[in-house]
Amino acid sequence: MLAKLIALLLIVIPLYPKFPILSVSGTFVSVRLEDFLIAIVFLIYIVKKPSFPSPVHKSLLLYLFIGFTSAFSAIVLTKSVTLNLGILHLFRRLEYMSLFFVAFSFLRSLSQIPFLIRTILITSLLVAIYGLGQQFLSFPVITTTNSEFSKGLALTLGPNARINSTFAGHYDLAAYTVFPLLLIIGLFALPATKKKPILLIVGALVYWTLLLSASRVTFAAFYLTTAIFVWIIGKRVWIIPLVLLAVLSVLFSPQLAGRYRQLIVDQFLSYVPVAHAQTAVDQQTPDALKAPQAPEDRSFNIRLKAEWPRAVRAFLKNPVLGTGYSSVGLATDNDYLRSLAESGILGLLAFLLIIIRFFKTSLPHIINFHLTLESIFILSATLALFSLLLNALFIDVFEASKIALLTWLTLGLAEKTKILIKS
């Protein structure tokens, strides 16, 4: 029963589109179906008298305590955030991280792992099919990229737009694909795996979805983590075809190739000095008649010139506790800077402590890796987290609701799997 509740969360969270049910006054945030489901599941967890046996549990509780203290400071003392926004964003983080506790408590046996892996892979296939439907069959797009779209408007992709499937945006979709892809690669290495042709089809569709999302940072993070993954599982010869696949993917994915070209030309080559002859005619040419300059990488420039400096200024106002959740607006596009700005040095250190302790408990399973389904699950979850940490340099990936919920749910399952293996 409890494993089925976990499976239900693994299905509903990624698959249910961002349709709002109740709007929260004064914000772009809405209450959705998964929020009610999580509330019900969490109540069941509370009734079962929870315990906090692992160091990761204690780190999560420490982080939430610091978050509460930061929110109290921002609302009552410094008044850098309003009451409704401060409380709302605090409870959002409570909701996200609650799934770690739920998953850890509800997973009771290693025999449940195959069922949960099948659930994850089938769900990722459905996410991929819907995303491809948006690209080729005009399936509706439900996004929350601005206040108007967040009302649940059904749109279709415009020219050169990137798919987001059932997620809020294309960055979230790309980040989601890494974990199921790592699982699929691990299952291919497992001799006992059956129906590998079907697994190959699922992997190809999910990977195609990653390419169509055209997220440069996730694409790079995926290949870095995959190289580490195949090295650990003893399939080092697979790195060569992986490199070839990466090169071919960039060459044959116009959007991805264009974005990498834009990054190289506009950001790096623009700093290379070019000598050229200057004539009086050139100097007299009106601006309107001059050839247009190469377009800037807007997303990087917005980060560099607006979002990151704003986060630094907020951090400097209160370096210890920050200026409170929501104080730096909707996006910072760097989760570490956002954490510093909103919860200060204490908040960032508490968050990093969670990550470090999770990696520490994963380390024995990596150093003494055995090619079993449970070890593949732990390794996939660990390296998927590493991929998210790389994403967090350029995206507020731990603030994206679907990604955050699935991440803490997966980490809870992985942490409990480690303990079940020991016992």
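Glycine residues also receive a Cβ, built from the backbone N, Cα and C atoms like all the rest.
Annotated features, as they stand in TrEMBL:
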- 27-47: transmembrane segment (TRANSMEM)
- 59-78: transmembrane segment (TRANSMEM)
- 90-108: transmembrane segment (TRANSMEM)
- 115-133: transmembrane segment (TRANSMEM)
- 173-193: transmembrane segment (TRANSMEM)
- 204-352: domain 'O-antigen ligase-related' (DOMAIN)
- 205-232: transmembrane segment (TRANSMEM)
- 238-257: transmembrane segment (TRANSMEM)
- 340-359: transmembrane segment (TRANSMEM)
- 371-395: transmembrane segment (TRANSMEM)
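Contacts between the transmembrane segment (205-232) and the transmembrane segment (27-47): absent, as fewer than 3 C-beta pairs lie under 8 angstroms at sequence separation of six or more.
Looking at which of 27-47, 90-108, 238-257, 371-395 has the most CB pairs under 8 Å to the transmembrane segment (173-193), the answer is the stretch 371-395. The stretches the transmembrane segment (59-78) and the transmembrane segment (340-359) meet in space: the count of Cβ pairs below 8 angstroms, excluding pairs fewer than 6 apart in sequence, reaches at least three.
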